[in-house]
């Protein structure tokens with residue numbers, strides 16, 4: 001091999017080693033999609049008696065999202081926006097639209113059961129309950145324990161903090177999303193329903209599924225995108 005060929009080959013290897021990854025180049029910033037107008041339009045659906053109306057803020061969401069930089073950051077802007085639309089569709093449903101006709105209403109579940117499952121890794125603390133709290137309604141001691149560990153709060157001894165600190169509340173939603181839902185986002189919105197509440201699928205609760213799909217379609221329209229395939233379950 002001549003010197004020129006050797007130099008060319010070496011340069012090619014060097015450039016391939018430092019090449020910018022092709023993934024995430026078309027990703028979008030969450031704040032540029034979740035604009036004040038978009039967020040406030042959802043928040044305005046909450047009645048004056050809804051705790052979530054003043055608890056869930058866009059600023060708290062964007063602060064929480066810094067801990068999860070891959071959220072809303074898929075390989076294209078289209079799928080990134082679909083993910084954000086899907087997340088908000090589930091948040092809308094979980095925080096009360098179906099039950100009370102208001103988005104972002106619930107911060108805590110009304111039926112405050114204990115939700116304690118035997119666990120050596122995440123044992124329930126005396127007197128504590130692990131019912132749904134936050135935008136995705138984090139539930140069960142093992143989820144509070146694992147989520148707290150990932151986000152630097154004691155979810156077992158102090159589960160109530162999820163309903164008191166809006167940044168932590170949004171972090172619990174993003175933690176669950178990235179851990180359990182994100183892997184199936186590109187399979188379609190229907191797959192995300194199965195991950196959030198699979199009991200609604202396959203005829204379990206057609207009305208709930210239809211509601212989630214309705215919100216997802218609406219948010220996709222707000223973002224100027226198509227909803228993609230397989231949107232129901």
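Just so it is clear, glycine is given a Cβ too, placed from its N, Cα and C backbone atoms.
TrEMBL has this to say about the protein:
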type: ACT_SITE; residues: 94; note: active site, proton donor
type: DISULFID; residues: 50-105; note: disulfide bond
type: DISULFID; residues: 116-124; note: disulfide bond
type: DISULFID; residues: 201-233; note: disulfide bond
type: DOMAIN; residues: 34-181; note: domain 'Glycoside hydrolase family 19 catalytic'
type: SIGNAL; residues: 1-19; note: signal peptide
| remark: Looking only at the recorded positions 94, 116, 124, 201, 233, residue 105 (disulfide bond) has its closest CA neighbour at 94
| Reported as an integer number of Å, what is the Cα distance between residue 201 (disulfide bond) and the residue listed as 'active site, proton donor'? | 16
| message | Given a separation of at least six residues and a C-beta threshold under 8 Å, show me what packs close to residue 116 (disulfide bond) in the same chain. | response | 124, 129, 130, 140, 141
| request: Please report how many Å separate the Cα atom of residue 50 (disulfide bond) from that of the residue listed as 'active site, proton donor', as a whole number. | output: 14
| How big is the Cα-to-Cα gap, in Å, between the residue listed as 'active site, proton donor' and residue 233 (disulfide bond)? | 17
| Of 50, 105, 124, 201, 233, the disulfide-bonded residues given in the record, which has the fewest other CB atoms within 10 A of its CB? | 201
| request: Pull the DSSP breakdown for the domain 'Glycoside hydrolase family 19 catalytic' (34-181) and write it out as helix, strand, coil residue counts. | output: 74 helix, 3 strand, 71 coil
| task | Would you mind checking how many other C-beta atoms are within 10 angstroms of the C-beta on residue 94 (active site, proton donor)? | result | 23
| task | Average the per-residue pLDDT over the domain 'Glycoside hydrolase family 19 catalytic' (34-181) and send me the rounded value. | result | 93
